[in-house]
Amino acid sequence: MEKSTDLSSDSLPERRVARKAVQTVAWVIWIAHFAFIARQKIFVRGRLDFDTVDTYAAVDVLVVFFLALVLLFSRKISQFLSIAFKSSLFWLLAYYMVCALSAIWSLRPLYSLYRSVECVIFISSLFVALSYCSSFEKAERKVLFLSLLSVFVQMGIHMRSGLVFSLGAWHTNAYSASAAVLFAYCAGEYLALGKKKLLETGERLRRKMLFRYGLLSFLLLILGTSSASNVAVLFGIIVILFAQRRIGLMMFIMYASILLFFLGGGMEPLKDFLFPGKTNQGIETLGGRTIAWTYYAERIANSPIWGYGLGVVPSGKGTVFEAYSKGGVGAAYSHNFVLSILIGTGVLGLFVFIIFPLKLVREMMRSLRRKIQGATGVLGAMAAGFVNSLAMPMIADRWVTASFAFFSILALFILHVYPHSSRSSKQSLAEFSKQT
């Protein structure tokens, strides 16, 4: 009996050491992601060299290779795949597999293959890192903190030449896209909590946390002065209000908008809010995007079934993309995730991808019906993210810095929200959490 007691006492510190080692793996993954964000936003490389492996690109490749090694030796990778196959995430990963296959017909095979693998590794590593959180509360705090931190790192590009106190100098749809997703999540969960009587200390603390992160992300959203992010947030809030059945609040917003319309002299106040700093021509062309979309539509018509490979597009003389291409091929910057899919993988890729949002919506609605914590915020965040991706793709294209916040919230949903609405998923998550 004494021997058994000694073994039990010896195993306790061993378990603590093992637990710390496991948490170290998670933080290593987070640090690697932030190294990538810092490289992308602080040490910027030219678009003309999109397929050239220079020093900066080598850093990206090393980060991806390092994360691949971490996943390869992680004990949770098989359980992650098990959860992925049982959720909407499977179809997103299937789409990126099609993107990898597009290397067969791609104008730049190695480039398309690398971008596809890069996305799969970044997505998988985010899910694995977040799976080390033992509860929804811990996972939510980590997602909010790291997503907000990613916004500040993305803002680093605006401080390379010194701190400029001008809204025009801070204008971008990069960090503001992340702020939009973060604000939509906080707003949704704050409204969901508002319908309850907050009797528990934990709920009161969570409400304060959501308010703080929501306020900070809203201020950053204003600082970014991005039309796309403003429209995305507005759409996300509308979706949240519908989901929460806040008819009274919706009527208040509608009447306030009408009052603002008449007292403010027509559409000008609304235009200034949704499209800050934009001229009428800029609004009509969506900041020049409609010109680019016309160009991409012509290229899509020439190869509608297969596309040209992820991330690349044939260039042409006299186009606005001539400066960003070489050898007749340029990097595809469509500013629209649907066009990105069609350019890269054609109708084939679109057919596979479209199943992902359809199944995701079904999963979110199931979680909402069961009033599971986090469901409302995720619905608003995903709505804002998809709308924003119509102007700056955070999904279905190459991995960008704004993808971090979007996929972190998606991981929070699939790992810690949706499993509570599905018995089989809940069992898989329980097994997943036990793995070290």
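Glycine is no exception: its Cβ is also placed from the backbone N, Cα and C atoms.
Per TrEMBL, the feature transmembrane segment maps to 21-38 (among others).
Annotation comment: TrEMBL describes 58-77 (among others) as transmembrane segment.
Sequence annotations record features per position, and here TrEMBL assigns transmembrane segment to 89-107 (among others).
The feature transmembrane segment is assigned by TrEMBL to 113-132 (among others). Long-range contacts of the transmembrane segment (113-132) within its own chain (CB-CB distance under 8 A, at least 6 residues past either end) are made by residues 22-23, 25-26, 29-30, 32-33, 36, 60-61, 64, 67-68, 70-71, 74, 76-77, 79-80, 83-84, 89, 92-93, 96-97, 99-100, 102-103, 106, 139, 142-143, 310-311, 398-399, 403-404, 407-408, 411-412, 414-416, 432-433.
Per TrEMBL, transmembrane segment is recorded for 144-168 (among others).
Feature annotation from TrEMBL assigns transmembrane segment to 174-193 (among others).
According to TrEMBL, the feature transmembrane segment maps to 213-241 (among others).
Among the features that TrEMBL reports, domain 'O-antigen ligase-related' is placed at 215-354.
Annotated transmembrane segment per TrEMBL: 247-265 (among others), in sequence order.
Annotation source TrEMBL lists transmembrane segment at 305-325 (among others).
Residues 87-89, 91-92, 94-95, 98-99, 102, 112, 293, 296-297, 299-300, 303-313, 382, 386, 389-390, 393-397 of the same chain lie 6 or more positions beyond the ends of the transmembrane segment (337-360) yet place their CB under 8 Å from a CB of it. Annotation comment: TrEMBL describes 337-360 (among others) as transmembrane segment.
The transmembrane segment annotation in TrEMBL covers 372-393 (among others). Residues 136, 140, 173-174, 177, 180-189, 191-192, 227-229, 231-233, 235-237, 239-240, 243-244, 286, 289, 334-338, 340, 357, 360, 364, 400, 402, 406, 409-410, 412-413, 416-418, 420-421 of the same chain sit 6 or more residues outside the transmembrane segment (372-393) yet have a Cβ under 8 Å from a Cβ within it.
Among the features that TrEMBL reports, transmembrane segment is placed at 399-418 (among others). For the transmembrane segment (399-418), same-chain residues at least 6 beyond its ends with a Cβ under 8 Å from one of its own Cβ atoms are 33, 36-37, 40-41, 83-84, 87-89, 115, 118-119, 122-123, 126-127, 130-131, 133, 135-136, 139-140, 143, 146-147, 150-151, 153-154, 174-175, 177-178, 181-182, 185, 363-364, 366-367, 372-375, 377-378, 381-382, 385, 388, 392-393, 425, 429, 432.
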Counting only pairs 6 or more apart in sequence, are there at least 3 Cβ pairs under 8 Å between the transmembrane segment (58-77) and the transmembrane segment (89-107)? no
